[in-house]
Amino acid sequence: MGLVGSLFSFIVFLSCLIAVCGQGTRIGFYSTTCPNAETIVRTTVTSHFGSDPKIAPGLLRMHFHDCFVQGCDGSVLISGPDTEKTAGANFNLRGFEVIDDAKTQLEAACPGVVSCADILALAARDSIALTKGQSWQVPTGRRDGRVSLATNVNNLPSPSDSVDVQRRKFAAFRLNTRDLVALVGQRTHDWNSCMWVFHKQNIQYEWKQCRSNHGPNIRTRTSKTLSSKRRRINSRGS
């Protein structure tokens, strides 16, 4: 099962762009306070993936939904009436049990140290690596959000959005139409995804690559396109 090779660029981009960098995130944030944090998360994700490989795209999608609303703050994990979980766009999110499992193990190893937001970010990275996609170092140190409102989920890109609405939503994060096509198209990364993006939305971009290869070349090209943007964001530091 292949995953979106370039969507991780967008996740890293969002992680730094929306509030998270201001929290003082950095590589190895838990190196002294919880040195096995990443190993615990990776082991947990691997265990669940072994039982159900479909959990990998579920974790990636959950992280995308978390980041796009009000930053990668874990607010999508909060339960309760009128929270993000209850919004229509989040009804079929899956993978919450993986985050809960990892959180339980981390609390046993180092109580009150690792945020749920960081667990979700790490789990999304590990899910891509498990499906033979790219891996990357995840800056950690996010603080968990305390506000989770279903109404905020309206900001998420929707299949029913017009092209202009999609462009506005992506432009809010300094992403252009090229980014939109590559990233929205690769969220499901199959042939139907290509058909929907290029025909229903009527945006012509790398159609020959998508048609002939069901997406692999567009993935590679997108990674190269966004890599410089990722480097610029990462170079700012926390």
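Here the Cβ of each residue, glycine as well, is placed from N, Cα and C on the backbone.
Remember, it's a predicted structure, so these values are computed and weren't measured experimentally.
For CYS34, the partner cysteine in a disulfide bond according to TrEMBL, taken from CYS72, CYS110, CYS116, is CYS110. The record in TrEMBL pairs CYS67 in a disulfide bond with CYS72, which is drawn from CYS21, CYS72. Most buried of the recorded positions VAL69, CYS72, judged by other Cβ atoms within 10 Å, is CYS72. For ASP73 (Ca(2+) 1 binding site), the nearest of the recorded positions by C-alpha distance turns out to be CYS67; the candidates were CYS34, ARG61, CYS67, CYS110. Here the Cβ of SER75 (Ca(2+) 1 binding site) has 24 other Cβ atoms within 10 Å, regardless of which shown protein chain they belong to. Looking at GLY71 (Ca(2+) 1 binding site) and CYS34 (disulfide bond), their Cα atoms lie 24 Å from each other.
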